[in-house]
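K.L.:
Quick one: the structure is below, and I'll ask about it shortly.
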Number of protein chains: 2
Amino acid sequence: MRVMGVDPGLTRCGLALIETAPGRAVTALDVDVVRTTSDEPLERRLRAVHSVADEWMEIHRPDVVAIERVFAQNQVSTAMGTAQAAGVVALAAAYREIPVAFHTPSEVKAAITGSGRADKKQMTLMITRILGLQKPPSPADAADALALAVCHSWRAPMQGRVDSLDAHVARSRAGFEAKVAAAREAAASDGTGRRDPAADQERARAAARGMARTKGVRW
Amino acid sequence: MRVMGVDPGLTRCGLALIETAPGRAVTALDVDVVRTTSDEPLERRLRAVHSVADEWMEIHRPDVVAIERVFAQNQVSTAMGTAQAAGVVALAAAYREIPVAFHTPSEVKAAITGSGRADKKQMTLMITRILGLQKPPSPADAADALALAVCHSWRAPMQGRVDSLDAHVARSRAGFEAKVAAAREAAASDGTGRRDPAADQERARAAARGMARTKGVRW
């Protein structure tokens, strides 16, 4: 699987491509950093980022694009530009029908170093080690993009399981709620018009037992 | 001049086109609202917004695209998506070499109603009146996009004057600072090595007079 990692930004946008295969080490194939200056108008800066990211997708044909999820909590002034840079890269992927995944900085740090609060030095050290590089990734901004890609390649199979588990839970819950609703319906239309709390409870218990029987899917 | 106004958003993105001419009333030519739902992935939503905005630019050939400037202060959760929607519209304009202008909500309100704190009702009333519409713009979200476009058509000539005034002030200041620096230089190298505060002051006054003489540009 070819994963394109993107550390979004307007001043510097890191791009990286890695290749993974089951049971094989992760290999770094390419890194680049798109730079734009703040004296250019915003739309020109976005075009520069989009244009290079789109060219990368054209050349490298990644199977998935992993982008850092931007939060507005810190540095509000730059967060909007960073989110917009992430947006135009995601847009390029969408037009090419390449799936896009977003990971938070702490997810990336936890995946690479085992700690969501790792510092830059620790991240660079680990990414150099994981990819078996002779020296730290250069330019420095590319390290984050590589980390994003590695993080995705490791998290994606797990995320798939979590998603299918979520879907299973949602189905079970919908089934249970349908049974409870049916039981209520039956109680309301039993001719007498009266509601029997004990019978309601018994029906809810029966529904819960029914739900328990539908369980047992393995993952 | 054809101005395309954009009220950016992922759930609803308002688009409007107006035509202006010196001494003539502003005319509304077209409005539309792009809608996407939150169950779609972000990149698909951005593609939907970009695709419609790009088609508008292809069909309507606006001279300028005016987009609402997004701030992260309020509703941080939606602000990022709104900024990204604004970003992909600006991107479409950049690829078509159409200039992009950003206006804050309070600039738009002040332009349309005279007050930067006008409410939605007041804005709708005024935009209906300004454009000579039989009834309020429909869909309702299009009103903001129309307001953006009208705001730009009124502010753009003024903005041009403010920019040239800013440039003039910057040139004057640079000239003044150069003269003060030259005066200081002369004082420092007058052989004695001593600084004469009275002479310094006199030189500064002379420099200020020199600057005053370079003034007089009309706008």
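Just so it is clear, glycine is given a Cβ too, placed from its N, Cα and C backbone atoms.
Pasting the relevant annotations from TrEMBL:
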type: ACT_SITE; residues: A:Asp7; note: active site
type: BINDING; residues: A:Asp7, A:Asp141; note: Mg(2+) 1 binding site
type: ACT_SITE; residues: A:Glu68; note: active site
type: BINDING; residues: A:Glu68; note: Mg(2+) 2 binding site
type: ACT_SITE; residues: A:Asp141; note: active site
type: REGION; residues: A:185-219; note: region 'Disordered'
type: COMPBIAS; residues: A:192-205; note: compositional bias 'Basic and acidic residues'
K.L.:
Ranking the recorded positions A:Asp7, A:Glu68, A:Asp141 by other Cβ atoms within 10 Å, which is at the bottom?
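P.N.:
Candidates: the recorded positions A:Asp7, A:Glu68, A:Asp141. Fewest Cβ atoms within 10 Å: A:Asp141.
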K.L.:
State the three-class DSSP label for A:Asp141 (Mg(2+) 1 binding site), counting H, G and I as helix, E and B as strand, and everything else as coil.
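P.N.:
Going by the DSSP assignment, A:Asp141 (Mg(2+) 1 binding site) falls within a helical segment, counted as helix.
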K.L.:
Hey, how far is A:Asp141 (Mg(2+) 1 binding site) from A:Glu68 (active site), Cα to Cα, in Å?
P.N.:
13
K.L.:
Round to the nearest Å and give the CA-to-CA distance linking A:Glu68 (active site) with A:Asp7 (active site).
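P.N.:
About 6 Å separate the Cα atoms of these two residues.
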